[in-house]
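> The structure's right below; bear with me while I get my questions together.
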């Protein structure tokens, strides 16, 4: 219907324009009618442009019996095309919604897996704390070695006090002198042993000190190793979270592109 109106108005406009161009003198009414025809032709042209741009179905209204069947067929074809376009858009929209739901479900599953893996990290931290507590007995053992050194020093002091005790007990001193005379070889051996005892004591003290240092170094190494293990585990968890985040971003980008 609109196509026929447009064709009729176009033919009328060109006919009037040719008639106006052939005549030399025109009345005011003719000029006014020509302007009205130009405005109407312009409005019909703009209406057709808007219909094409909006791609909306045209509704045949007040169809006359004289309308050609081809025009009605063209209108039906246009309406069917628009309906198919709307159905296609609705199908794409539903498909995108379904993919988005599947993506959200996968994201929730990954978050649940990450949350379930967190207790493992907590257990690793507790294990590192237990390792540090196991190091403590070694430290106590080192302190016991230090107490042993103090005991050795007290024994030295006691040995220095023994001559005073011999002076307070002359009978015992005389008995010791007699015993020394009876067994000179034993006395010489005791003297040599007494000379060796300070060296042995110093050697024992050095050995205890070295043992204490080794225990301290081992304790520090164990603590450093525990900290490294904890840091390594934390880095591993961070990398896992980063990979999951990148995977989720890529999935979101693919979903957006589709």
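Glycine residues also receive a Cβ, built from the backbone N, Cα and C atoms like all the rest.
Owing to the predicted nature of the structure, the values given are computational and were not obtained by experimental measurement.
Sequence annotations record features per position, and here TrEMBL assigns compositional bias 'Basic and acidic residues' to 117-144, 153-178, 200-219, 228-258. Taken from TrEMBL, the feature region 'Disordered' covers 111-258.
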> Could you put numbers on the helix, strand and coil content of the compositional bias 'Basic and acidic residues' (200-219), residue by residue per DSSP?
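Tallied per class, the compositional bias 'Basic and acidic residues' (200-219) gives 20 helix, 0 strand, 0 coil.
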> May I have the DSSP-based helix, strand and coil counts for the residues of the compositional bias 'Basic and acidic residues' (228-258)?
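DSSP classes over the compositional bias 'Basic and acidic residues' (228-258) add up to 30 helix, 0 strand, 1 coil.
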